[in-house]
Amino acid sequence: MLLRPQLPSQLQNQVQNLTFSTLSSSLLHLLKQCKSLTQAKLLHQQLTVYGLTSSPTTLTRLVAAYLHGAGSPSHALASLERLPPSPLSVFYWNALIKAQLRLGSLHGALCLFGRMRGLGWRPDGYTFPYVLKACGELPSFRRGSSVHGVVCALGFESNVYVCNAVVAMYGRCGALEDARQVFDEMSRRDIGDSVSWNSIVSAYVQNGEPRTALEMFVEMGLDSGYRFCADAVSLVNILPACAAIGACGRGKQVHGYAVRNGLLEDVFVANAVVDMYAKCGLMDQATQFFDRMEVKDVVSWNAMVAGYSRIGRCEEALCLFAKMVDVGIELNVVTWSAVIAGYAQRGFGYEAINVFRRMQICGLEPNVVTLVSLLSGCASAGALLQGKETHCYAIKRVLSVDGCDTGDEMMVINGLIDVYSKCRRTKVARTIFNSIAFEKRNVVTWTVMIGGYAQLGDANDALELFSDMLKGDNPLVPNEFTISCALMACARLGLLRFGRQIHGYVLRNRYETVMLFIANCLIDMYARSGDVDAAHIVFETMCHRNTVSWTSLMAGYGMHGQGEEALQVFEEMRSVGLMPDGVTFVVVLYACSHSGMIGEGIKYFDSMSSEFGVVPGIEHYACMVDLLGRSGRLNEAMKLIEGMPMEPNPIVWVALLSACRIHAHVEIGEYAANKLLELESEGDGSYTLLSNLYANAGRWKDVVRIRSLMKYTRIKKRPGCSWVQGKKGTTTFYVGDRSHPLSQEIYNVLGDLIHRIKALGYVPETGFALHDVEDEEKGDTLYEHSEKLALAFGILTSPPGMPIRITKNMRVCGDCHNAITYISKIINHEIILRDASRFHHFKSGSCSCRGYW
């Protein structure tokens, strides 16, 4: 026997003794009083038993009971799907879609909209804003544009609320042109309001176009005839735009507007003002405003913490931590992340790691921003172990989590590539890079990998990757940092041809907004690639210049031995009102040293502190030791070192040792070498210099001793190599190299050249052979040096009159310098040789270094 479901006793008493005619209205009345899912289900069962659920009115009441009284959207949907479509009941579909949004179920909201349309319901003006918001937050341009099509098909293109939602959706999807088109159509129909303007301004801000956002904000008042006054939302939108481009003047105007219109009582507006001043670097103004705020929340404090961290005042940021605790503000992940990011951005990697550990002790879970900042800190400190630990954590919490946001995932992956690259683990970094599908790699992914190669000297790999980035069906547009990394690689290899191609790419693709940054990189590239005249042309065509521009050109002239030109640029820099800093003086002293301008170098060194307020640092003393040592004034160099206000570092002693090598001063050279050993200086440079010094003095037992010491300490001498540029790229040679297909022709050309220059007076400087053998054998060894082989190949393959550009990974040896000087007399080529110290321009039997090499 079928048993009727039992109502609770209270409801059962109300139902008893009712006639069938009054039963329906009574049950529907009880549905309004329903407070739980159990009651709603029981009443639903009673209505079903009595056959009352076919009525639209009954179904509508059931939907309302399940949705509002019982709080069960799934049961409400089941009843709503049985209800015939009607304009009045669309309200419940809207409520269900809104509930999905509130729960964060964006796909669920869109599925409901699709189900609604499939059952023949017609959305109203309240449906579309919810659906469009879901499309924007996903974001899904495809679904959003489809919904826009439905909007137009159903005649809602004149509904201001719906159109505002369309503008906001396109903005969140990054479709600025579509957002602007809809906005402009609204303006032509005169249906816009202040929300419309706020939506389009917000779209530009969210998509990284703060300047356009500012322009729209100004037009909001002008083009609308001042009908729409900026409200709190407007200011919260526009103040971040001011901060993004450092428009502190405009930000102050917005601040004044907020004061005049009483909008600072809104804590969101006040927080935006604090954030604007902080991001513009105006921390004093930010602090004054912050102190006057009557209501502060954690966002207010975080803006101040981030501001101090951003400009490197990390201790003050940490002090704010303590104050936040004192006033009862809970430190959240944003607070900690701001300080970690501040330390990382200033290059204080281990400090960033320590702050992260304190954060963990407090029991807070890091978010993606925290992890990316921590990875940046590990990269700056070269902390490989901590980087690996962070990598493991990221795998567990981000990279292996289903449904993880793709953007967040890529931020972490890019950070990992950067860490491994800067920790000299490029193979691991490349493995991670290769594991990412081509279409998923963004500009940052390519840039960190290219930059990793370029910074570690793997310039060929960097340029190959840069070329791959621009190839394929969907080439990516490099940003200014990608361009700078590629130019850095060109500069390292001296690849003038490739650098010119990148320059042409920059001009064709209009990088006006970042042209100052790129132009400075171009000056450096041209100078380091042997064409200082091209560097000067780039400098002259710049609309704006900063200190880096002037210093880069000076450095270019200095490394080419054009000291007078470098000092002329220095004086011109002063004449335009730019004050030289410590870096500028390093460049000036370097130029004087490599041009033999001893008096000028001493004058500028002595005037640094008294005239320019720049206290000489260790790098300036190293330049002066180099300057005095090159000129043979070794005793003065020793006195300068003894009078230094700080302890000499390896660079100072290497400069002195190098000078002793040039001038064959064994005693001071041994002293400098011993100081280097005391400092546990790594690398083969100092050992090689001392070995050369002994060899030149004929002290072969000491040469053997130094080489034995190098073997014992496992220090390997870098093999000397030279590469020469040609039409088909670069060709590399090592000492005694016979691997090239044209090897026989190369040695024939070289033999002929040596024979001819001997007739002109060339005598091999056998001290550079570094072997205790007969002079004739030493001469044969010298003929096989890499720079001579590269020169012979260049002569063999270059058209007459074409400059031959050679790069060597260490300083050119004295015999090769002498031989190439003679060779330049008998060939119709300018020879431009760049070694580890400077450029040498050989032409007509002379070199630009004039002996100061």
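A Cβ is built for glycine as well, from the same backbone N, Cα and C atoms used for every other residue.
The domain 'DYW' annotation in TrEMBL covers 761-853.
Residue counts of the repeat 'PPR' (89-123) by helix, strand and coil are 27 helix, 0 strand, 8 coil (DSSP-based). Sequence annotations record features per position, and here TrEMBL assigns repeat 'PPR' to 89-123 (among others).
Per TrEMBL, repeat 'PPR' is recorded for 159-193 (among others). Regional average pLDDT for the repeat 'PPR' (159-193) in the model is 93.
According to TrEMBL, the feature repeat 'PPR' maps to 266-296 (among others). Taken through DSSP, the repeat 'PPR' (266-296) splits into 23 helix, 0 strand, 8 coil.
For 297-331 (among others), the entry in TrEMBL reads repeat 'PPR'.
Listed by sequence, the residues of this chain that lie at least six past the ends of the repeat 'PPR' (332-366) yet keep a Cβ under 8 A from its Cβ atoms are 298-299, 301-302, 305-306, 308-310, 312, 314, 317-318, 321, 324, 373-374, 376-383, 386, 393, 397. Annotation comment: TrEMBL describes 332-366 (among others) as repeat 'PPR'.
Same-chain residues lying 6+ beyond the ends of the repeat 'PPR' (442-476) with a Cβ under 8 Å from its Cβ atoms: 410, 413-414, 417-418, 420-422, 424, 426, 429-430, 433, 436, 482, 485-486, 488-490, 492-493, 495, 498, 505. Residues or ranges marked as repeat 'PPR' by TrEMBL: 442-476 (among others).
The annotation repeat 'PPR' is assigned in TrEMBL to 546-580 (among others). Note on the repeat 'PPR' (546-580): residues 516, 519-520, 523-524, 526-528, 532, 535-536, 539, 587-588, 590-592, 594-597, 600, 612, 614, 838-841, 848-850, 852 of its chain, located 6 or more positions outside it, place their CB under 8 angstroms from a CB of the stretch.
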Positions whose Cβ lies under 8 angstroms from the repeat 'PPR' (266-296), at least six residues beyond its ends: 232, 235-236, 239-240, 242-244, 246-248, 251, 254-255, 258, 303-304, 306-308, 310-311, 313, 329
Residue numbers, six or more beyond the limits of the repeat 'PPR' (159-193), whose CB comes under 8 Å of its CB atoms: 125-126, 128-129, 132-133, 135-137, 139-141, 144-145, 147-148, 151, 199-200, 202-204, 206-207, 209, 223-224, 228
Counts by DSSP class (helix H/G/I, strand E/B, coil) across the repeat 'PPR' (332-366): 26 helix, 0 strand, 9 coil
